[in-house]
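Per Swiss-Prot, the features are:
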- Asp167: active site, proton acceptor (ACT_SITE)
- Leu50, Gly51, Thr52, Gly53, Ser54, Phe55, Gly56, Arg57, Val58, Lys73: ATP binding site (BINDING)
- 299-351: domain 'AGC-kinase C-terminal' (DOMAIN)
- Gly2: N-myristoyl glycine (LIPID)
- Asn3: deamidated asparagine (MOD_RES)
- Ser11: phosphoserine (MOD_RES)
- Tyr69: phosphotyrosine (MOD_RES)
- Ser140: phosphoserine (MOD_RES)
- Thr198: phosphothreonine (MOD_RES)
- Ser322: phosphoserine (MOD_RES)
- Tyr331: phosphotyrosine (MOD_RES)
- Ser339: phosphoserine (MOD_RES)
Amino acid sequence: MGNAATAKKGSEVESVKEFLAKAKEDFLKKWENPAPNNAGLEDFERKKTLGTGSFGRVMLVKHKATEQYYAMKILDKQKVVKLKQIEHTLNEKRILQAVNFPFLVRLEFSFKDNSNLYMVMEYVPGGEMFSHLRRIGRFSEPHARFYAAQIVLTFEYLHSLDLIYRDLKPENLLIDHQGYIQVTDFGFAKRVKGRTWTLCGTPEYLAPEIILSKGYNKAVDWWALGVLIYEMAAGYPPFFADQPIQIYEKIVSGKVRFPSHFSSDLKDLLRNLLQVDLTKRFGNLKNGVSDIKTHKWFATTDWIAIYQRKVEAPFIPKFRGSGDTSNFDDYEEEDIRVSITEKCGKEFCEF
């Protein structure tokens, strides 16, 4: 690298440092003083279910006053308690209302009633990366790299705030109208300065240290990035089997096989991300994220341009109008039932 290039790199590193310092200040203000609830169920017209989970659903809604479309996540308090997800749910809201990054879905409103908790997010009509990946089969390396770069920047941002994401997978990545990623579902995100021990995540994406019940840190997100890049470029994840236990055996074995079409740079990056030895895993070494950002596979990536959303996306999802749901699957519709008496008031008093 010439002197000019070295100087440019140096000033970029400095401006990233400044950016993250300011971002932390903004985050901490909101983290320490979370925004009060600012809406109610009656403010929204419910349109269609976009997804369902073990303790709730996500619906497309229309805000009556502004006619804007949003995605409303509805969590049944009693089910959250039964599934021991109180802490996770409180984390999700507290984190979402405090973060601000181009590739994170925005929380616009939140509130609760006798039965449910509600989080109203911007609606991303392009649907999940998962459905596009399954339809296309696999993404070319440049296509996969475009998405991977956004996740790298997002993790750099989150980790600088001491946040671990813990739930990276194609189902949680929405493709917006410009073809960029919106990370959704902060149900497992957590603010951790040292290590944490909770077993959570999705089997195919779990890092070995989580499976082995060791204390773990932010490095689990970099492992998951390796799994995601592999799955985007191959069309299937690096470790898969019928039963979770068989998946776990493969993950901890430290053996990965690559399709013959993977470039040597891609294989090299993945060997460093899917590295069982934490003292060798990229993202977890003394240079931190820069080992990943300066890796040969990312040589053509203009990190600033990606952050500024100036790079042309490889794929723009098709949709007609802001309330179109054609990129989401159909689900059975169910009424939202609200009890006349308060449920689990104590558990969720801080929501």
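Note: Cβ is positioned from N, Cα and C throughout, glycine not excepted.
Note that the coordinates shown come from a computational prediction; the quantities given were computed from them, not determined experimentally.
For the ATP site listed in the record, the two most distant Cα atoms among Leu50, Gly51, Thr52, Gly53, Ser54, Phe55, Gly56, Arg57, Val58, Lys73 lie 14 Å apart. For Ser339 (phosphoserine), the same-chain residues lying six or more positions away in sequence with a CB closer than 8 A to its CB are Asn114, Ser115. With Thr52 (ATP binding site) as the anchor, the candidate modified residues are Ser11, Thr198, Ser322, Tyr331, and the one with the nearest CA is Tyr331. Ranked by Cα separation from Ser322 (phosphoserine), the recorded positions Leu50, Ser54, Gly56, Asp167, Tyr331 are led by Leu50.
Under the three-state DSSP scheme, Thr52 (ATP binding site) falls in the strand class. Long-range Cβ neighbours of Tyr69 (phosphotyrosine) (same chain, at least 6 residues apart, Cβ-Cβ under 8 Å): Lys47, Leu60, Val61, Lys62, His63, Tyr123, Pro125, Ser322, Gly323. Note: the CA-CA distance between Gly56 (ATP binding site) and Ser11 (phosphoserine) rounds to 46 Å.
Each of Ile74, Leu75 belongs to the same chain as Leu50, Gly51, Thr52, Gly53, Ser54, Phe55, Gly56, Arg57, Val58, Lys73, is absent from that list, and has a C-beta within 8 angstroms of the C-beta centroid marking the ATP site. Secondary structure of the domain 'AGC-kinase C-terminal' (299-351), assigned with DSSP and counted as helix (H, G, I), strand (E, B) and coil, comes to 5 helix, 0 strand, 48 coil. Along the domain 'AGC-kinase C-terminal' (299-351), the predicted structure has mean pLDDT 98. Within 10 Å of the Cα of Leu50 (ATP binding site), the following recorded positions from the list Ser11, Ser140, Asp167, Thr198, Tyr331 place their own Cα: Tyr331.
Around Ser140 (phosphoserine), a 10 Å sphere centred on its CB holds 13 further CB atoms from the protein chains shown. Here the modified residues are Ser11, Thr198; the one with the fewest Cβ atoms within 10 Å of its Cβ is Ser11.
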